[in-house]
């Protein structure tokens, strides 16, 4: 177990995810965000960008009682989840034939492989955000919502500016399941203009 006092929460949620059958502790981040913001609803079309290993899809399926159309995209493989469409491909290669529908909710817990070099990590995160923004502009319906991971710093500022221009409500969220020492946070845009 970690002795680092700034790591509060991570170990507990790792153990809890195994006990509850979730693929990662990220499930609790989404559950906590949903509890506060009532984000996931039945009969939605939901897109999860960077979905592997699939814990956010598990939560979305659970919260909608299977009464939603859920699609996940990731370059990494993901073990099958019954009733879910999964596309294993690079986000840059996604096209209309892959996603021939529009979505009410887009989720993204994706992050680049971190190098520990702040400016490089920030540039890589912004590059990912640009791909997400492209997908949002193309596939998210008017009135829809977008939840995305970012890191405090330039990627946070970049995403926040995009969201303020394109959504009626924008909220910064730091779920309890996130490591307290992490710069990770989430931005939620509701009611796409």
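Start at 1 and count along the chain as shown; that gives each residue its number.
Including glycine, each Cβ sits where the backbone N, Cα and C put it.
What TrEMBL lists as active site, proton acceptor is 149. The Cβ of residue 149 (active site, proton acceptor) has 108, 109, 110, 111, 184, 185, 186 as same-chain neighbours under 8 Å, each 6 or more residues away in sequence.
Look at TrEMBL and you will find 54, 56, 74, 90, 109 tagged as S-adenosyl-L-methionine binding site. Neighbour list (residue 54 (S-adenosyl-L-methionine binding site), Cβ cut-off 8 Å, at least 6 residues apart, same chain): 23, 72, 78, 79, 81.
What TrEMBL lists as domain 'Ribosomal RNA methyltransferase FtsJ' is 22-190.
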Cβ-Cβ distance under 8 Å to residue 56 (S-adenosyl-L-methionine binding site), same chain, at least six residues away: 26, 27, 30, 48, 107, 109
Max pairwise CA distance, angstrom, over record-listed S-adenosyl-L-methionine binders 54, 56, 74, 90, 109: 19
Fewest other Cβ within 10 angstroms of its own Cβ, chosen from the binding-site residues 74, 90, 109: 90
